[in-house]
């Protein structure tokens, strides 16, 4: 390499979704609207669960945690993109980029772990209803969430440290609206074999463990439901799973499309899929859970009437 190419990168340039200023105006408006809806929707879910004592159950404890993560995840990404647009800047410091990567990985994985814990909760409620209170004790619920946070933070730390060891030369333009690990890896002039290997091994394990728990939990749930003779009983059992399955499909569908291939093949379609699970999914989750859940709708109605 010549001397110019070995200049160390101190910041990255986020080109956005389109790279065209006139289209970025539309993207800015869309992101601002979705972010405000995400924050207000998830805060309402958390408020409803806190204020209504009938919702102080394991299922809603996990839902409140999911809503907290759904507030935090886009908050790592969207505000910086909005501020950059308003200031007419596209830059993010190297340190800021690494911090964004760390929290992006943490919250993305935490979503998956919480969805798996919620699937286990539904399994216990449907397959072992008489032992539900004993099996889903408050201490166990807190422990499951705490273990999930520990695993996701350690996983994020591993990938961030592996990213920090890389050398970034003169190319610092990122074809994205935030520091997604894959586009950043493509800019490195170091060997990224270890990074890709860790994505497929450790990352694959962290991804597949909660995903497998969800599949196994629903396999037991459906086998149990199919044994019910009453159509009303079947509908009642599945009614509590519909919202959860919708969220799982949205989240894992986008993840599978993006990160289950080498970083070198990252494309514009992957960028669009990233928007789905970083911005769109956290926004629609409150609607999915509130519109299909009578308890949440009742709690929200009480809050509105009080105000």
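Cβ atoms are placed via backbone N, Cα and C, with glycine included.
Note on TrEMBL: of 3-25, 26-48, the range annotated with the feature transmembrane segment is 26-48. For the ranges 121-139, 140-158, the feature annotated in TrEMBL as transmembrane segment maps to 140-158. If one looks beyond the transmembrane segment (272-291) by at least 6 residues along the same chain, the residues whose Cβ comes under 8 Å of a Cβ in the stretch are 17, 31, 34-35, 37-38, 41-42, 44-45, 63, 66-67, 70-71, 73-74, 77-78, 104, 108, 111, 176, 178, 180, 243, 246-247, 250-251, 254-255, 257-258, 297, 300. Beyond the ends of the transmembrane segment (26-48), by six or more residues, the same chain brings 16-18, 55, 63-64, 67-68, 70-71, 74-75, 78-79, 81-82, 85, 177, 279-280, 282-283, 285-287, 289-290, 296, 299-300, 303 to within a C-beta distance below 8 angstroms of the stretch.
Between the transmembrane segment (197-221) and the transmembrane segment (60-79) there are fewer than 3 Cβ pairs closer than 8 Å, counting only residues 6 or more apart in sequence, so the two stretches are not in contact. Residues of the same chain lying 6 or more positions beyond the ends of the transmembrane segment (99-120) and with a Cβ under 8 Å from any Cβ of it are 59, 62-63, 65-66, 69-70, 72-73, 76-77, 80, 92, 144-145, 148-149, 151-153, 155-157, 159-160, 163, 178-181, 184, 206-207, 209-211, 213-214, 217-218, 244, 247-248, 251-252, 255, 277-278, 281.
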